[in-house]
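Everything on this sheet refers to the single structure shown next.
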Amino acid sequence: MRRFFFFFLEVGGGLWWLMALLCGQCCTAAVYSLLVQRASLISLSLSLFFFFFFSVCCFAFTPYPAIDSSAAYHCVSGLQGSKCDEAKGKGEGVSDRERQRACVMFRRCAVKLNPYDVVVIGGGPGGYVASIKAAQLGMKTACVEKRGTLGGTCLNVGCIPSKALLHATHLYHDAHANFARYGLMGGEGVTMDSAKMQQQKERAVKGLTGGVEYLFKKNKVTYYKGEGSFETAHSIRVNGLDGKQEMLETKKTIIATGSEPTELPFLPFDEKVVLSSTGALALPRVPKTMVVIGGGVIGLELGSVWARLGAEVTVVEFAPRCAPTLDEDVTNALVGALAKNEKMKFMTSTKVVGGKNNGDSVSLEVEGKNGKRETLTCEALLVSVGRRPFTGGLGLDKINAAKNERGFVKIGDHFETSIPDVYAIGDVVDKGPMLAHKAEDEGVACAEILAGKPGHVNYGVIPAVIYTMPEVASVGKSEDELKKEGVAYKVGKFPFNANSRAKAVSTEDGFVKVLVDKATDRILGVHIVCTTAGELIGEACLAMEYGASSEDVGRTCHAHPTMSEALKEACMACFAKTINF
């Protein structure tokens, strides 16, 4: 008899729920009639009676009473799939297998009839922001993250831990190199404890990842710890980190799976001597020698970390200069400062032609632009030649979502993929730079679009920062780009050795460079080299977002003495003349 009931449940369980929902509709209609059309109380009473009668029947004539009510609630809600294991039989002779089947059917019926409005695959900067924004806009939202902690690469093994190490190593280097000039003696005796430095980094990461999880609870975002993949465009399979599986039904899906480091085919990562950015953040000791392949943001930042602690760091860059996408004046100033202050070496216009992992060292063969080859040997090799979109195991082939030749998911102007109701944001799409704050903006805009509101990202005003010392920050066009586009422009420049605050604290390296349209004076690009460039670039972004001219900024009162006055003076150099230089 019990087998018959389970068969009946599987075939007709959904119909029971449907009948209950239909009765609920009748109940709603009756209330409406009573309040609006002043129908009799008899019709209302009858509808309520039938609604509760059929609801009770749904539970009374199925095997569901054999399951603990609290566990059944969790199964039906779909919020805590693992709670199904806590189901305890109240009737005699009910097997664990039968309980599990009933529990699965509970959740299956509920999920089919009440799908998520949005499921976000990926809990990085783009994914978690999209999840929170979607929930705030009234959508039933779930986020699936395979790492087990939220925040993605940026928070766990990228932006945040690297800034923790950059700050700590700057303090150490500053004590040894600069304390004496401030009249602070004994800085040369400051020592470094690698283990404690790593512990402080981990505390920062743990606090922030926990903070994001709290925000999910606060905004009622359902969080699934596991790997999400498409079964269909509206069905997402979750392979949980606990070994269990969930099937989520959704009206819309946002892909936000991010990116991963690109490795060299002949030198795969072992995270001991051949390092990705992840491994370079967790070295247990300072290597005597380090070679960095790639002079971009990651290579310069992490190379700087270990150079400050005493490693001999050599950066190998294929392009004629490091950070080739930045304004040339900025790159030259940065490389000069790193070579002077941190003794970093740079080999530009140089390609890597071979290499060997020796177990405790790496031998790297490089070739200069003159064709001459040489071998570099190092204790640690950091490979930072770029990142690639992460789509492995996502099941894009099952739904036939289009990708370009580099593996990026193709999207339209509103983040839509080639498949209806499937969207994509962040590093996984070939639109804009691979930056956390770009992904965050896309997450907000995409959620707004899904909620039927206007969502927009201005890709022309996305700042980029290199957190070395000095820092470098840039937004908008460079001189090279304006020349290629044939735009007539003017340049305003102001050095920090003429800035009062910089003079007072002996941080005079760098400048502010502003590029404006020659005809309209509208700001087209801002480039900053100084100790606080990452903080100053925000004002430039705001000015550009609102179409400000250099005169608008130059005539705005800035506090004195501050580093921000340099931006004002650079703008004054565009439309008039500087005062202090």
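Quick reminder: no glycine exception, Cβ is built from N, Cα and C everywhere.
TrEMBL names Gly294, Gly295, Gly296, Val297, Ile298, Gly299, Leu300, Glu301, Glu317 for binding NAD(+). Of Gly386, Gly392, Gly393, Gly395, the residue it gives for the same site is Gly386.
TrEMBL lists a disulfide bond between Cys159 and one candidate from Cys143, Cys154; that candidate is Cys154.
On the backbone, the CA of His560 (active site, proton acceptor) and the CA of Lys163 (FAD binding site) stand 28 Å apart. Reported as a whole number, the C-alpha separation between Met434 (FAD binding site) and Cys154 (disulfide bond) equals 11 Å. For Met434 (FAD binding site), the number of other Cβ atoms no farther than 10 Å from its own Cβ, over all displayed protein chains, is 19. Gly294 (NAD(+) binding site) falls outside any helix or strand according to DSSP and counts as coil. For the FAD site, whose binding residues are given in the record as Lys163, Gly228, Thr257, Gly258, Ser259, Asp427, Met434, Leu435, Ala436, His437, the maximum C-alpha distance rounds to 30 Å.
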